[in-house]
Amino acid sequence: ASPLALWDICPLFKGVGWGMIIISGLVCIYYNIILTWVIYYLVLSFAARVPWDSCDNDFNTCNCTETRIEEHLRNLTEQLMPNFTWPANPRCNSSTPLHVNYSQTSSNEFWRYSVLKQSDGIDNLGSIHWGLLLSLIGAWLLIFACLCKGVKSVGKVVYVTATSPYLFLAILMVRNCMLPGSWEGIRFYITPVWSKLANLEIWHEAALQVFFALGPAWGGLITMSSFNKFKNNCYRDAIVVPIVNCLTSIFGGFVIFAVVGFMAHKTGKEVSDVVDKGPGLVFVAYPEAIAQMPVAPLWAILFFLMLITIGLDSQFGMFETMTSSFVDEFPRYLRKYKTPFVGLMCMVEFLLGLPLITQGGIYIFTIFDWFIGTFALCIIALFELIVICYVYGIHRFRADIELMLGYKPGHYWTVMWCGVTPLALVLILISIAANFTNPVLENYKFPPGSIAFGWLIGSISIIIIPVVAVYRIYKVGKGSLLERIRYLLRPSTDWGPPKDTLYNMRMGKLDNIVTSQTQPMLPIYPGSCSVPEGSATPGTSDVIIKDPIVD
């Protein structure tokens, strides 16, 4: 089942399911660009020296300074000559001295001038980077190979992609803790700054991290969990998965900040000055630290392999959500052709990603990352909570869970679902609106047209909700507007567990199961808004779920 099938619970809000699919599809485009960069780094790591550890490459400028030279000269300037200016890159054959403030590390120049080949603005996209093009093709071929058979094929792959990151993290953790200065980075990581708890922006950043880490409102959790057995202990999964996820993130933080501490030690800076935001931490700061380690190519290969396995897991969930939703919505045309359809969607996403591997692609990437998956995710999550708790009814929802588990969730969950979480989402949305700024990439100022484009792609997943609602109201047929809306707020006849699941249950333990003669379910007739009183429901099961609110 997909996020679209879920909204049989309340057909009027099926647009929320479409919003999830749109977000997943858009994020798949630019998320695979991150995998593309990782693959590019990984391939170039298979060499005697990693290419970002020196300034003698064709792409380097005269401002390039190698970290090992930088450390040596910094010691000289501090101890002997405070006004000393650094020598220029000897490859430039220039005698002009270079002031410390204008120097760039070799890893920074590799990222900017070799990987991105960055242009001067979004209005100058330039040409396609052919190395990244091959990497992007490889990334989408990986996705297709793992998902061509749907969940059957991805189920085998995740045994590797879900477990191998822990092995890589453990190896890197041991190695990083042996580096000088690593414990300073770890101390910075675990030392709380209590005053920042009063900053609403910190809370909304934390909430967005939870959305990206755990995947609520994306649709991936709904898609993957639909392959479970009906009696699967979803209560246990809902507790274990977030705990494991958060512990993994915390462990990963130790690995990263050990290296950040090492870099602070090497450059003589404070740890807070070494920490970078966005792609810079993964593709500049960490590779720069790797370049200073013995046998640097080995650690580079392990690090980027770890990133690939982590990235593939996330990409699997989003992409399978998108493809499964279309197959479930149009089974007559697509179910027999699932593999070709997956290939077609990979091709479409690949073509849409081509602008992001041009010389101006980093600017488009920033627009995507800035506007997609922020406020839209919070709004979709808020719609989910309101519909399930207040339209469908929290009592019905708890009864559905009891049908699967044999017991209802405690009142703690009722309070969280109905009160605390919606309130928190509203506060986060207010914080996002109050603290919103235009996209930032170094000192570049994005033109108004690019910002308008960002708002457009960020709003599509929200705009689709009322559009689908209006379409559903129109398609109901006869009846007044209010009657049509009330009708679409009821669950459809397709909502609920399969008939064979109900037949096989032990009737004595389920008080909320009765025969259809006692209480017929309301079908959705194509051309009417009501069911004639006393009429039977064609095609319904002999066993249905009783409405706890009515009864």
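We count from 1, first residue shown onward.
Cβ from N, Cα, C; glycine included.
Among the candidates C62, C64, the disulfide partner that TrEMBL records for C55 is C64. Within the chain, the transmembrane segment (370-392) has long-range Cβ neighbours (under 8 A, six or more residues past its boundaries) at 9-10, 13, 16, 19-20, 23, 26-27, 30, 207-208, 211-212, 216-218, 417-418, 421-422, 425-426, 428-429, 432-433, 439, 454-455, 457-459, 461-462, 465, 489, 491.
Sorting the disulfide-bonded residues C55, C64 by the number of other Cβ atoms within 10 Å puts C64 first. Shown in sequence order, Y31 are the residues of the chain, 6+ apart in sequence, with a C-beta less than 8 angstroms from the C-beta of S314 (Na(+) binding site). The two recorded residues, D313 (Na(+) binding site) and C55 (disulfide bond), show a Cα separation of 35 Å. Rounded to a whole value, the Cα-Cα separation of C64 (disulfide bond) and N245 (Na(+) binding site) is 39 Å. Neighbours of the Na(+) site: apart from N245, D313, S314, residues of the same chain with C-beta atoms within 8 angstroms of the site's C-beta centroid are A162, A213, G215, I310, G317.
Away from its own ends, the transmembrane segment (453-474) comes close to residues 11-16, 18-20, 22-23, 26, 367-368, 370-372, 374-376, 379-380, 383, 439, 481, 484-485, 488 of its chain (Cβ-Cβ under 8 Å, at least six residues beyond either end).
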